[in-house]
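What Swiss-Prot says about this protein:
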ACT_SITE  205  active site, proton donor
ACT_SITE  337  active site, proton acceptor
BINDING   163, 337, 366, 367, 388  (2R)-2-phosphoglycerate binding site
BINDING   242, 285, 312  Mg(2+) binding site
């Protein structure tokens, strides 16, 4: 039977060498599941709480022993004997046990580790792939990758203000070909950067992290790389940006230190409008500060039918935040990060709410990742159509892409690649 017999957590390391939590769940049937929780660098003000120990003498205060103890001593006893396939009951029990709005008592990292491990154990018990267990027979869409090939902001030690410059191979016929496209452009970009005398060290998410003359130069350089790799910018490959504007916002202004420029909300919108007129940009994430809702309304009214406007810090995978955005006509897409909310049940609720409102959903990694590939299965399970999981570089990023290759093979002719159809709410794409 699929009844839980043991839940065990341990402290492991993420891709930045910081501690995170791994959870294992054992069942009476012998079915087993495990998961490792990711961690972010640029975090939204309203994210669920990632519980850290704060002991400066151990891992610089970033240990997660308290979260581990919460799983082993508080959560585990409550889950023993519960059917592991009852995901909603498991998640609801942990939410009630925590009792706070932001999961600040037990920690979203503790709760999420258990939530994901339970799903893996249930899928193993039923002898089906995780994407099939979570999404049923209709889970078939391979996501368009949003590949971060130039890093800046909090993800790199350079002078580039914008956190991520990405490519999206929208014209590929399959995920396999999309990944090949992205990898070839990534290698072409290295050659372009080298020819210009730029450093080709990589940032947290596997993208290159050179010092550049301006943020626009990043866009120019990527277009050069796309063409050098033999692809057509705008037709086969489009661009995307994660501005992470909350990281450059203070005193009501946006301070782009790398360029020595300070802009108002409307001036930022003006700049985005100029950039999308010059470059094939199809998506802008967190273009303004998470609390600058007036600015976001201006951004949405002016550009919402032309580009995908993704809310990350803006919505933090939270249905209350998303509902407010939908009601006010703010943005047209939500970034989905499982550790922003803390359970799979709440994650899926956010995705469903977005779809019902005509918003797109982009499944995302965090800058601190591991070998865990759960988000790849979630992307297919929900038919989200888009996944953001870094450059085709660094094992913690490539692991997700390789899992999607496996899933595409398993689905055989039944799988569909998202491509340009992933942007179903854009009038001009």
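Here the Cβ of each residue, glycine as well, is placed from N, Cα and C on the backbone.
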In sequence order, what residues of the same chain, 6+ apart, have a Cβ less than 8 Å from the Cβ of residue 388 ((2R)-2-phosphoglycerate binding site)? 145, 146, 148, 166, 242, 335, 362, 363, 364, 365
Checking the binding-site residues 163, 285, 366, 367, which are within 10 Å of the residue listed as 'active site, proton acceptor' at the Cα level? 366
Counting across all protein chains shown, how many other Cβ atoms sit within 10 Å of the Cβ of residue 163 ((2R)-2-phosphoglycerate binding site)? 28
Rank the recorded positions 205, 285 by the number of other Cβ atoms within 10 Å of each Cβ and report the first-ranked residue. 205
Compute all pairwise C-alpha distances among 163, 337, 366, 367, 388, the residues listed as binding (2R)-2-phosphoglycerate, and give the largest one in whole angstrom. 17
By a three-class reduction of DSSP, the residue listed as 'active site, proton donor' is assigned coil
For residue 366 ((2R)-2-phosphoglycerate binding site), the spatially nearest of the recorded positions 205, 285, 312, using Cα atoms, is 205
In whole Å, how far does the CA atom of residue 285 (Mg(2+) binding site) lie from that of residue 367 ((2R)-2-phosphoglycerate binding site)? 15
What does the structure give for the C-alpha distance between residue 163 ((2R)-2-phosphoglycerate binding site) and residue 312 (Mg(2+) binding site)? Integer Å is fine. 13
Between residue 312 (Mg(2+) binding site) and residue 205 (active site, proton donor), what C-alpha distance do you get in Å? 17
